[in-house]
Amino acid sequence: MSRLAVVFGGSRGIGRAASKLLAQRGHRIVLLSRNKEAAQSTAQSLPGENHLGLSCDVSKEEEVQKAFETINKTCGTVGFLVNAAGINRDALLLRSKSEDMLSVLHTNLLGSMLTCKAAVRNMLSHGGAIVNIGSVVGVKGNAGQCVYSASKAGLEGFTRSLAKEVASRNIRVNLVAPGLIHTDMTAGLAEEAAVRTIPLGRFGEPAEVAQAMLFLLESPYITGQILLVDGGLQLLM
């Protein structure tokens, strides 16, 4: 059955791969990005029809509210929500600027809280499924990523708690925690050295994370779970 899937951070990386896979499955996509042109261009490139690209900065509540007002008026009921918008500002804690800390927390944690709040209101009458994007760093921690790790660890606790709150309304909430994936965030890493820490011996691809997300979105008896998609990286951290 075709459903309306709302994908934040859908114009690149994991979010783009998720949008493409969901469209291939026959779902209608509302794709959101801070860059309106990128959102619209990506939406137009997806298989199928009637996809929509909108601009939204998830760290700003008024923009999230405006986006969902548009979705509610023009698209109807939301079946799936994917929270793939995220940033990092990696640095040792003593070298981290407070404005960077706030930017990471507001985008990675508060942003997903705001989008979930708006989506749940839409889903209350008919149910739905939400997948948040965390990180293996949120599970295990990593030197030089204290703030990013905190934002993703907080998202895990939020995901489990929200799953408990809305299960009675047939709304499922899960989280995918990727490891090292070929995206803009990992473009500057020394890949040859990094893969030595991964049991499967390679970086993952956005499409592989998208497959895990699709599994959670379409699995009717799974909620409150954290699914690591990391090639076994957590085994050696």
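Glycine residues also receive a Cβ, built from the backbone N, Cα and C atoms like all the rest.
Listed features, source Swiss-Prot:
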ACT_SITE  Tyr148  active site, proton acceptor
BINDING   11-14, 34-35, Asp57, 84-86, Tyr148, Lys152, 181-183  NADP(+) binding site
BINDING   Ser135  substrate binding site
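DSSP classifies Asp57 (NADP(+) binding site) as coil under the three-state reduction.
Listed in sequence order, Leu31, Ser33, Asn35, Ala38, Ala39, Ser41, Thr42, Gly53 are the same-chain residues at least 6 apart in sequence whose CB falls under 8 Å from the CB of Ser11 (NADP(+) binding site). The binding-site residues considered are Ser135, Thr183; of these, Thr183 has the fewest other C-beta atoms within 10 angstroms of its C-beta.
Taking the Cβ of Tyr148 (active site, proton acceptor) as reference, residues of its chain lying under 8 Å away and at least six apart in sequence are, in sequence order, Asn88, Arg89, Asp90, Val104, Asn108, Ser135, Val137. Under DSSP, Gly13 (NADP(+) binding site) is assigned to a helix (H, G or I) in the three-state scheme. For the recorded site, Arg34 (NADP(+) binding site), the DSSP three-state label reads coil. Sequence-distant contacts of Gly13 (NADP(+) binding site), defined by Cβ-Cβ distance under 8 angstroms and a gap of at least six in the same chain, are Ala84, Ile181, Thr183, Asp184, Met185, Pro206.
Cβ packing within 10 Å was compared across the binding-site residues Ala85, Ile181, and the lowest neighbour count falls to Ile181. Counting Cβ atoms from all protein chains shown, Asp57 (NADP(+) binding site) has 17 others lying within 10 Å of its own Cβ.
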